């Protein structure tokens with residue numbers, strides 16, 4: 001459906017766009033301006049509203065105009081009245097009466113109306129001729145359209161007859177309901193054409209656009225003059241008010257000056273007997289300045305708008321500017337300059353803005369400060385100006401600027417001067433992770449739940465510790481899981497009676513000691529395993545001492561009760577001597593007799609562990625952010641830094657920002673002891689994580705932070721402190737410990753791990769290796785045990801950079817594979833002295849080699865040859881020995897060595913040779929030396945390595 005714009009409709013019906021827009025709004029149409037579009041039906045409605053009303057009103061008026069022609073001026077007035085009566089119901093701008101004082105305007109309007117009346121008659125005749133031509137063209141076009149529509153209708157009837165009756169009925173009903181009949185449309189079109197023709201004829205006879213334009217212009221001029229008069233009255237009123245205010249201010253100042261003069265005179269009279277009375281009486285009147293009334297004379301102030309305004313007419317078109325002084329040329333560049341603004345303006349009547357008074361703020365009663373606050377920060381806190389504080393500090397003897405930091409004492413003195421109580425703010429060190437392990441006030445007491453105990457098995461070598469761990473791992477870990485453990489991460493969990501127990505697979509008590517040294521008391525219960533046939537051994541006593549230092553309960557597992565020589569009672573009595581007393585004897589330590597090899601009483605041992613854990617009341621809060629300890633850490637080629645963590649409090653989630661030791665990162669992936677991916681790790685759960693930027697140390701604490709930014713800041717701060725501490729702990733060499741330091745730095749060690757078939761062989765081999773004496777090197781037995789070489793031995797050897805020595809034993813397939821992967825050397829022997837020789841050779845290999853100089857021969861230069869782009873060639877004769885191609889040479893001149901280097905080339909005549917023998921001649925070139933002279937001596941030598949004994 002085509003649309004029409006409102007200004008097109010207004011042009012067709014001879015109305016203004018504003019009237020058409022208002023009429024469309026009155027009909028409820030959504031239009032905004034003359035450019036809005038409406039449909040054809042809405043356009044017809046708008047046209048009909050304008051055409052229906054004037055039919056009865058305009059005809060007699062048109063006839064009256066035709067029958068009795070009136071004078072031109074009266075005809076124009078009557079047409080204006082007709083237009084007013086027609087637009088009573090419409091919304092138009094009200095006409096304003098012209099001011100009577102402006103006679104020249106009435107004359108100008110009359111002349112304009114007369115001219116419009118003359119033009120009207122001429123335009124009316126031409127308009128009628130154009131309309132007749134247009135109507136004739138439309139009638140011709142309408143006949144063509146009717147013939148075409150008639151043929152189209154016949155074709156459509158033929159198509160409709162070919163379709164089914166149901167479609168015809170539906171089509172007929174739709175046509176009947178929505179669209180009028182074709183004949184009705186044609187008749188309506190003819191009626192609309194006739195109506196529009198009549199309207200145009202009426203409009204042509206009724207509307208005079210130029211007369212209306214003249215009337216509208218007159219109304220606009222009248223409106224402009226009223227606005228100008230109002231503006232002038234307001235300006236005049238503003239000037240009167242300003243003058244009145246100035247006069248009042250002048251009178252008030254004059255009155256105040258007079259009162260001050262009277263007071264001065266009165267004071268002078270009361271003090272006339274004093275010696276200074278005369279001076280006072282003469283000085284007081286001088287304070288009153290005479291008022292210059294000439295400067296206060298009221299002068300007419302003209303604004304910029306007054307320059308172009310006239311009292312008897314509208315605004316002039318700047319004709320007064322085109323004078324001799326306002327020529328636009330190079331000599332006068334200010335021809336279009338606007339009046340000045342600001343304090344230099346001559347006619348500035350705008351009163352200055354009053355200065356806003358600063359609000360008074362009371363001082364706070366307390367002030368919480370931090371060390372290093374600046375003056376500006378303090379000023380903002382106490383609502384004072386920084387300059388005021390700087391002044392106070394200056395009076396206190398402290399020279400400071402606004403951005404200078406102040407110490408705590410200065411801030412306290414400043415607050416005392418202001419009368420404010422100063423308190424230092426207690427700052428929490430975000431980089432301190434240890435506070436979470438020392439203070440548990442951050443935990444929620446009402447959300448504490450029971451957690452699984454963390455157990456460490458300790459004991460002497462060959463007492464069954466490894467066997468017990470293997471038994472627990474194979475029989476209890478992942479019951480019902482296919483494949484069992486798929487990844488060994490140094491810690492694992494077992495389940496007994498519906499409760500979990502976490503075991504730490506640490507390589508002996510050494511790792512436990514290193515953890516304790518870092519303050520990581522991760523163990524809740526210690527299982528001390530003692531062999532029933534051996535009893536208490538030295539390492540057993542050491543394990544007892546470590547457990548007591550960690551303040552953890554001890555459960556004694558007496559192993560190997562299946563052996564014939566087992567004597568559990570002797571073990572109980574020996575342990576009682578070291579402070580481990582059984583509950584049967586009135587002590588607090590539980591004793592369990594087991595056989596790890598045959599899986600005997602293992603259930604009873606686990607029940608005892610759960611009983612002790614229940615007595616200890618191990619609790620944890622899973623709602624807080626996770627903290628814990630690093631069990632193991634390694635650098636994987638594909639994953640990067642991998643750390644095995646034990647969660648002690650809170651719950652660890654994937655994507656948590658974490659700080660571990662002196663490093664930080666985000667938990668990218670997390671796997672449990674079965675090697676499966678998990679997203680959540682509750683308390684007492686061992687997990688392996690990735691996503692750290694560096695590899696942490698075993699035993700380091702970790703904590704989860706609220707966001708990655710805080711974690712990064714804490715990690716970087718901890719790394720900075722660790723580096724500073726390392727530099728501070730650097731021992732400086734003094735004269736007292738100079739030689740001790742040199743000796744300690746020179747001594748090197750060879751780390752070995754000994755595994756043998758029997759205990760006697762282990763002790764004998766360890767004693768023999770410790771007796772080997774090589775200057776500057778010593779043997780360090782990292783670990784010695786009985787049995788085959790297993791995975792734990794390979795792991796320990798990799799961590800300590802040790803060599804595994806197997807005496808009459810072989811490594812397991814898993815250990816051999818791990819040794820190849822970790823590049824750990826395994827030496828297998830069956831004769832003890834071969835072991836000693838091999839270790840001795842390794843110890844000698846640790847020493848730095850010693851070299852001795854050996855003179856090969858001497859020669860003398862007989863002639864020199866300088867070759868461009870090559871250098872100086874020396875012809876020589878061998879005096880003694882020989883000169884070889886790979887030997888070092890010294891150039892000696894007058895018994896002084898002037899150069900020491902290597903040969904670049906050696907020739908015998910024209911052939912390159914490897915050596916030149918005694919009494920032979922040859923030629924040579926020396927690398928980076930071209931200053932050979934005749935009679936220079938050449939000494940050839942080599943450095944030989946001395947065998948260390």
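Please read every residue number as a count from 1 along the shown chain.
Yeah, the Cβs are placed from backbone N, Cα and C, and that goes for glycine too.
Note on residue 459 (GTP binding site): other Cβ atoms within 10 Å of its Cβ, all shown chains, come to 25. The GTP binding site annotation in Swiss-Prot covers 459-466, 505-509, 559-562 and is backed by sequence analysis.
Marked as compositional bias 'Basic and acidic residues' by Swiss-Prot: 52-84 (among others).
Sequence annotations record features per position, and here Swiss-Prot assigns compositional bias 'Basic and acidic residues' to 104-143 (among others).
According to Swiss-Prot, the feature compositional bias 'Polar residues' maps to 144-154 (among others).
Under the heading compositional bias 'Polar residues', Swiss-Prot lists 164-180 (among others).
As annotated by Swiss-Prot, compositional bias 'Low complexity' applies to 187-206 (among others).
Helix, strand and coil residue tallies for the compositional bias 'Basic and acidic residues' (224-275), in that order: 47 helix, 0 strand, 5 coil [DSSP]. Residues or ranges marked as compositional bias 'Basic and acidic residues' in Swiss-Prot: 224-275 (among others).
Per Swiss-Prot, the feature compositional bias 'Low complexity' maps to 319-336 (among others).
Taken from Swiss-Prot, the feature domain 'tr-type G' covers 450-619.
Per Swiss-Prot, the feature region 'G3' maps to 505-508; the stated evidence is similarity to another entry.
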TODO: State the count of C-beta atoms found within 10 angstroms of the C-beta of residue 561 (GTP binding site), not counting that atom itself.
DONE: 18
Open item on the list: Can you work out the mean pLDDT of the predicted model over the domain 'tr-type G' (450-619)?
Closed with: 77
Open item on the list: Taking 10 A as the limit, how many CB atoms besides its own sit near the CB of residue 462 (GTP binding site)?
Closed with: 20
Open item on the list: I'd like the number of other C-beta atoms within 10 A of the C-beta of residue 465 (GTP binding site), please.
Closed with: 24
